[in-house]
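Per Swiss-Prot, the features are as follows:
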type	residues	note
MOD_RES	Met1	N-acetylmethionine
MOD_RES	Glu2	N-acetylglutamate
MOD_RES	Met44	methionine (R)-sulfoxide
MOD_RES	Met47	methionine (R)-sulfoxide
MOD_RES	His73	tele-methylhistidine
Amino acid sequence: MEDEIAALVVDNGSGMCKAGFAGDDAPRAVFPSIVGRPRHQGVMVGMGQKDSYVGDEAQSKRGILTLKYPIEHGIVTNWDDMEKIWHHTFYNELRVAPEEHPVLLTEAPLNPKANREKMTQIMFETFNTPAMYVAIQAVLSLYASGRTTGIVMDSGDGVTHTVPIYEGYALPHAILRLDLAGRDLTDYLMKILTERGYSFTTTAEREIVRDIKEKLCYVALDFEQEMGTAASSSSLEKSYELPDGQVITIGNERFRCPEALFQPSFLGMESCGIHETTYNSIMKCDVDIRKDLYANTVLSGGTTMYPGIADRMQKEITALAPSTMKIKIIAPPERKYSVWIGGSILASLSTFQQMWISKQEYDESGPSIVHRKCF
């Protein structure tokens, strides 16, 4: 690769797609990973109606569209829509020709093999990229925090996972995955707001609730105590103005919603909370590296952006770990984008340049080359 041709870094999340150029310190484009199609044919007479809309445009026209997320729980489930999202990323958001740039994509840990093969195939065959690479999201987050050893608790919109990493390599036997993330919390908030008498049901209204969640929710350090405070005073109540001007008030829902991360039983799920999952992940690792993992627990992803989450993690993991263990939870302020930032760092390294899968290698070996070259 000549120096002047920047690689493209695309972090395809279940909720948001983050894209930009390697070497930049933040993504240039961040937009919802959604494809919208008109609910009724021909409603928008004379608007030059398109058969599909992507990202922010789909979001702004959501009233007349059915919105679909092609990535569920971190895994691509609809490849036609995924292709639309990539097309939109390259041509509309970044305004680049993909055949001129190497492309670094990200994927969830423990992704099915067929998934990354398909990604590889689409990049080379549909977009004709000269080179590409698929990196594991959590590993990139760790790089972004300036470490090569640690455990990453990465929680986005569609999936949460704990990934222990030693000297730059993820330890697959100890990776744990939890299908509980931001989208589930949004749905849960919709449900508990309904109990308060507010009604949110459509895909468009779900986006409003997501906004309420992002602006008003927080994690309680002590849930029972916080419930007591909420019951005895109105000090925790906040109001929110809906798009139509109606104002709603929200109280204990503010911390009941993200509490589900620590108590999945709130959602009717029989899994361990994020604190216990992190601990279990550490316990699956060699006894000699556990100390390094406890001292380098890195939070990453948009669902770790709740105020109070780091303190609560510290408290919960301290309760589970041996009493003398030093525990440090690292919550970088830019953790919403740390996967992308790590990708930007990785793709700019001179040592990384021989790691790319080239078009030539792809033509010789086919999509399975991705398992040999990307880890």
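The count begins at 1 with the first shown residue.
Glycine residues also receive a Cβ, built from the backbone N, Cα and C atoms like all the rest.
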Other than its own, how many Cβ atoms are within 10 Å of the Cβ belonging to the residue listed as 'tele-methylhistidine'? 19
Using DSSP with the three-state reduction, classify His73 (tele-methylhistidine) as helix, strand or coil. coil
